[in-house]
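Data block below; observations after.
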């Protein structure tokens, strides 16, 4: 599955993206489009190859021999690569992508976890009320235009300042008229009536989502605080092999694991929750590259390139979810429901019924305890070993979790302070063209 993710991120999605980019510029030769897409995709394949090579030959165990020759060091690298069967190379590449997924989760998922529930609870403004306000704005802009244009009735040209003002007002008027068309369609649509009918259900879902978001945040905070207090520090990647501060999810998952498949159901629910909140964050913010907005995600009008970016971002966020689950429930990811056995020698008194005499007998008892890392009797899961092969990635994940909590709290405050969303939020912007209104979504009609 990890290899399939590498294939999608470095080969398939870039190829389809550049194919569509070339198709928009040149609608003629398909062969030329494929060649150009392959040329750009080759760069992504090169990056993937470099990551695999770095991961394959980065020594995890440095030899203690100070007088070893260069050939012995190179031989050690190849021996490590052969013994791991390329698993270290794959782990390095996946960890690199997971760091990118962590940045996407901090940007979109953390904000979506706060924005989605509060938007469901607060709802949107009325389409009829927005349309009335929009009509008043149109009349005001038209009157302002008439006042400026009346200055040149006697044949005098307008000043450069007035010309700029007229241009801005005409662009503003075009946007308001586009809003008018959208609001009129939404006001008459069956989708608006359906959303009004399920308004109580939206409030219930919003309350549920905000409770789940707070539960995740508290669990993540306790897990990170445990690492800050009890781990070996930055050089070890803030890794601890046990839990000193427990959290609700860390207690619940090992218990559910004893009854198949309850733990898988909860893990699937967590992953789907992260996907929904991530999509809500991307829907509200759009796709950005630093301070430049590349694409907007809008119902029925999203470009193919934006959908490909959306798929790639969701892939990376789900990839980061593997580590996020470790942060939320380290006991479950490291040891599951394993228990170890210890033998305790104690004295037990037995009473004989015949002569009422007492005797003492040494008995060897076997006691079952929950998994603890102090004793080397529990096997650490493959997932944990795969995620923590490189300490510097673990350190990056640790600081990323603090950033995730901070962005969630900031987003929660901002979402609480903001008013209700517009019923056409993100559908009509000033940088859109009038051509985008030619085909309104089907549920608007």
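Each Cβ is built from the backbone N, Cα and C atoms, and glycine gets one as well.
As the structure is a computational prediction, the values presented were derived from the model and not from experiment.
As annotated by TrEMBL, transmembrane segment applies to 5-20 (among others).
The transmembrane segment annotation in TrEMBL covers 40-60 (among others).
Beyond its flanks by at least six residues, the transmembrane segment (87-111) meets 2-3, 5-6, 9, 48, 51-56, 58, 60, 80-81, 274, 277-278, 281-282, 284-285, 288, 313, 315-324, 386-387, 389-390, 393, 396-397, 400, 403-405, 407-408, 411 of its own chain at Cβ-Cβ distances under 8 Å. What TrEMBL records for 87-111 (among others) is transmembrane segment.
According to TrEMBL, the feature coiled coil maps to 159-186.
Annotation comment: TrEMBL describes 203-222 (among others) as transmembrane segment.
What TrEMBL records for 265-294 (among others) is transmembrane segment.
Residues or ranges marked as transmembrane segment in TrEMBL: 306-326 (among others). Counting only same-chain residues 6+ beyond the ends of the transmembrane segment (306-326), those with a CB under 8 A from a CB of the stretch are 5, 8-9, 13, 16-17, 20, 94, 97-98, 100-102, 104-105, 108-109, 220, 267, 270-271, 274-275, 278-279, 282, 287, 294-297, 332-334, 383-384, 387, 397.
Within the same chain, residues 58, 60, 91-92, 95-96, 98-99, 102-103, 105-107, 109-111, 113-115, 118, 213, 217, 220-221, 223-224, 227, 234-239, 323, 327 sit at least 6 positions outside the transmembrane segment (390-414) and bring their C-beta atoms closer than 8 Å to a C-beta of that stretch. According to TrEMBL, the transmembrane segment annotation covers 390-414 (among others).
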Give me the mean pLDDT over the coiled coil (159-186), rounded to a whole number.
-> 82
